[in-house]
Amino acid sequence: MRMIDIIEKKRDGHTLTTEEINFFIDGYVKGDIPDYQASSLAMAIYFQDMNDDERAALTMAMVNSGDMIDLSDIKGVKVDKHSTGGVGDTTTLVLAPLVAAVDVPVAKMSGRGLGHTGGTIDKLEAIDGFHVEIDEATFVKLVNENKVAVVGQSGNLTPADKKLYALRDVTGTVNSIPLIASSIMSKKIAAGADAIVLDVKTGSGAFMKTLEDAEALAHAMVRIGNNVGRNTMAIISDMNQPLGRAIGNALELQEAIDTLKGQGPKDLTELVLTLGSQMVVLANKAETLEEARALLIEAINSGAALEKFKTFIKNQGGDETVIDHPERLPQAQYQIEYKAKKSGYVTELVSNDIGVASMMLGAGRLTKEDDIDLAVGIVLNKKIGDKVEEGESLLTIHSNRQDVDDVVKKLDSSITIADHVVSPTLIHKIITE
């Protein structure tokens, strides 16, 4: 088999066989196939697309290029959730203990954040003593006993994806549905998930700006999952404004605690219940989404979800008293109110810009080596659709420096107040095929 034949076949719009896809991935990881041929094939895929079988084959070739995490010693259906990323996305912190409280095992592998705010691990490390460096045996034991544990990413998972992603990044082939879908799904499958729930974001703060693109990606990933024996569902949710009210690590953790108490922001609570219901159904703990939702609401109202979060924190060395004493979380030195310059209704909160403003305060990383300030960030006091009076606080800046003129300047261009009301949509669609 020759790589040039595979490139020409895809260039001319033909379907690649599983053997041809395996030959490419295997050769590329070993270094037998050079970058210039790999980038040529990526560009051919970009223009000619791939059918469902090709996408499934590409995903599994990337899974098989490295280690797979074996979670077979964990009892029950392991359901993993993936979000395509957004600003103030606190869902994992709420979802993990919430679905664990209704007996769904959550064996979560999470990373650190690059960009706007920290990843799930950074947020959890705002709790004194919390650590994710646990060995596989302890990880399995914790999930079997308490239904939830979080571990840092380790091992040689999907090396083909890492190599191909770096190449796509510099060759103009990032925005290709088959390449994005196989990249995301290969990581989830390699991490040992039996079933997968996907939160595909759309809007100004999302990777997929249009609903049409988000739908195409959601369908692609759901079909890949179902074609390779992993039951998969997706929802398309809105990222035209940050989710919830908090952007920043300790601030988002506080918001997660409030949500588990039943006192969280409406949009975050709704998204968590929608995603959680799918996880419960896929784990065979409820027949219908309605039944699953009722179980989750009961777990919040009874305090079971919050109790589960406490045990989870304690199991991983953290100080679980922060749940009842949130003032023990890292606190910023200054709280600065950002006030409305006129009266009206909030019509725009540009997610990316608000995320960048939070990063300027120190809440996110520009490079992997950067330190994160866990205490700082932004709390939105108004969301899209809310009425605001001139001089009223739109948001609160939590900062460890007094001079935040650069942050204020960034925020000036990211908030729009007009005289008409805009009603945001949170969940656009649920995709099951």
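Cβ coordinates are placed from backbone N, Cα and C, and glycine is handled just like the others.
Of the residues Glu255, Glu270, Swiss-Prot places Glu255 in the same K(+) site as Gly88, Thr90, Leu243, Ala246. Compared over the binding-site residues Thr90, Thr92, Ser110, Thr120, the count of CB atoms lying within 10 A of a residue's CB peaks at Thr90.
The secondary structure of Lys187 (substrate binding site), as reduced to three states from DSSP, is helical. When the Cα atoms are compared, Thr90 (K(+) binding site) and Met109 (phosphate binding site) turn out to be 16 Å apart.
For the recorded K(+) site, residues Gly88, Thr90, Leu243, Ala246, Glu255 set the reference point as the centre of their Cβ atoms, and the other residues of that chain within 8 Å of it by Cβ are Asp89, Pro242, Gly244, Arg245, Ile247, Leu251, Glu252, Ala256, Pro265, Leu268. Cβ packing within 10 Å was compared across the binding-site residues Met109, Leu243, Ala246, and the lowest neighbour count falls to Met109.
Sequence-distant neighbours of His82 (phosphate binding site): residues of the same chain at least 6 apart with a C-beta under 8 Å from its C-beta are Ile184, Lys188, Ile196, Val197, Leu198, Asp199.
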